[in-house]
């Protein structure tokens with residue numbers, strides 16, 4: 001983007017809601033936000049079933065309560081992060097400091113890479129625990145919820161994970177980590193952050209030195225200070241006669 005700083009234009013310019021909503025990064029935020037709900041929602045609602053031996057509840061993923069807690073924490077964290085970064089994207093163009101913009105982009109880049117890795121770990125963990133789950137009435141009752149959580153964990157890897165920036169045909173090219181990396185590589189055009197005083201004073205000329213007519217009157221000159229009238233013969237002194 002020509003004349004842009006970290007993917008945004010001049011600080012203080014108005015935000016176009018239509019163009020902002022059509023940005024790939026905004027669409028990815030919303031998609032990742034929906035995926036996170038599809039992960040922790042089914043686990044919270046149907047992820048705990050009655051055990052065969054008693055009335056207590058057990059996690060649908062092989063009875064491992066850690067798997068359910070990890071899935072809920074991962075999805076809820078992604079849900080809150082997507083909402084926070086979406087607000088940051090809206091306010092990003094109002095940030096006038098180059099350093100603050102750079103920090104925001106680095107935060108987005110680091111968090112997206114970290115959460116992509118956690119989604120991969122969560123997908124493998126939930127899949128492994130679901131494969132070890134013994135068939136029973138509980139698995140039939142909450143099987144769809146478990147499979148939905150696993151499927152959307154995989155989709156979240158694609159929406160958060162990085163890809164090769166040199167391969168624009170890959171679907172993961174529009175992943176959040178890659179978009180943050182591309183925005184960071186755009187750098188900064190320092191002309192966007194010139195002060196208003198510099199811009200307003202650039203067209204003003206400095207006042208010129210007054211030029212006279214070349215002929216100065218005697219009235220313009222004054223006698224030098226600390227001068228006295230010189231006497232040819234000081235008092236009390238006589239010229240010797242030879």
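Glycine residues also receive a Cβ, built from the backbone N, Cα and C atoms like all the rest.
Those TrEMBL annotations? Automatic predictions, nothing curated.
Note that the structure is a prediction, hence the values are computed from the model and not measured.
If you look up TrEMBL, you'll see 20-172 marked as domain 'MARVEL'.
For 26-44 (among others), the entry in TrEMBL reads transmembrane segment. Counting only same-chain residues 6+ beyond the ends of the transmembrane segment (26-44), those with a CB under 8 A from a CB of the stretch are 20, 60, 68, 71-79, 82-83, 85-86, 89, 122, 144-146, 148-149, 152-153, 155-156, 159-160, 174-176, 179.
Cβ atoms under 8 Å from those of the transmembrane segment (70-92) belong to residues 6-8, 15, 20, 25-26, 29-30, 32-33, 35-41, 43-44, 47, 61, 101, 104, 108, 111, 115, 118-119, 122, 125-126, 149, 153, 156, 160 of the same chain, restricted to positions at least 6 beyond its ends. TrEMBL lists 70-92 (among others) with the feature transmembrane segment.
Look at TrEMBL and you will find 104-125 (among others) tagged as transmembrane segment.
The annotation region 'Disordered' is assigned in TrEMBL to 214-242.
The compositional bias 'Polar residues' feature in TrEMBL is assigned to 219-232.
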